[in-house]
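J.: Not my notes, these are from Swiss-Prot:
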- Asp146, Asn148, Asp150, Tyr152, Glu157: Ca(2+) 1 binding site (BINDING)
- Asp194, Asn196, Asp198, Glu205: Ca(2+) 2 binding site (BINDING)
- 38-94: domain 'EF-hand 1' (DOMAIN)
- 97-132: domain 'EF-hand 2' (DOMAIN)
- 214-227: region 'Interaction with KCND2' (REGION)
Amino acid sequence: MGAVMGTFSSLQTKQRRPSKDIAWWYYQYQRDKIEDELEMTMVCHRPEGLEQLEAQTNFTKRELQVLYRGFKNECPSGVVNEETFKQIYAQFFPHGDASTYAHYLFNAFDTTQTGSVKFEDFVTALSILLRGTVHEKLRWTFNLYDINKDGYINKEEMMDIVKAIYDMMGKYTYPVLKEDTPRQHVDVFFQKMDKNKDGIVTLDEFLESCQEDDNIMRSLQLFQNVM
């Protein structure tokens, strides 16, 4: 992960918001957009169990109200399907193809595998990515990389993730990436992570390797930049 994530910290892309954490930007944008209105009126449509969400996440009730109103503005039906999710996500990476990575990200948000993401799914993931512990963020990242959800990461899955990130970054990267760069990073990833050399990386191996490597821990911020 250090090789994979560390590499991205050196990539400079001409994106619309190159230095913004997208998850944080979304929250700030919706808060600034709606905060004045909330002073005058209460949110009319809320998900059931707002207090329960407050207990389950790291957001306050007011923050949840802001996020819910923003979510409803973007997704009036109260849920977002994969196609809509891809369209929204693509706006952050106009110079690349974000569709494949958005597909993997959508599956990580869709924890019940229903083909749609509810507000509860969205805000739970956002809470982890913005305010979760290091351990929580690592577990969430592992789940994202574990594409087929079988409990471990193999080389094919890691290769798919890395290629999807490179496609998303597009051709406006510096330094220019060579064709074999993704494979090289995946090989280094497995040299560090696959402790028992059995060709797969388990959650325990992933957590241990990440927390032992300062470079990996510093690069956690990079993941949030493409979240």
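Just so it is clear, glycine is given a Cβ too, placed from its N, Cα and C backbone atoms.
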J.: For the recorded Ca(2+) 1 site, whose residues are Asp146, Asn148, Asp150, Tyr152, Glu157, find every other residue on that chain with a C-beta no more than 8 angstroms from the centre of their C-beta atoms, and list them by sequence position.
T.: Tyr145, Ile147, Lys149, Gly151, Ile153, Asn154, Ile200
J.: In angstrom units, rounded to an integer, how far apart are the Cα atoms of Asn196 (Ca(2+) 2 binding site) and Asn148 (Ca(2+) 1 binding site)?
T.: 22
J.: Let me check the 10 A CB neighbour count of Asp150 (Ca(2+) 1 binding site). How many other CB atoms are there?
T.: 10
J.: Spatially, which candidate from the binding-site residues Asn148, Tyr152, Glu157 is nearest to Glu205 (Ca(2+) 2 binding site), comparing Cα atoms?
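T.: The answer is Tyr152.
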J.: Find the shortest Cα-Cα separation between Asp194 (Ca(2+) 2 binding site) and the binding-site residues Asp146, Asn148, Asp150, Tyr152, and name the residue that gives it.
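T.: When the Cα distances are compared, Tyr152 comes out closest.
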J.: Taking all residues of the domain 'EF-hand 2' (97-132) together, what is their mean pLDDT?
T.: 93
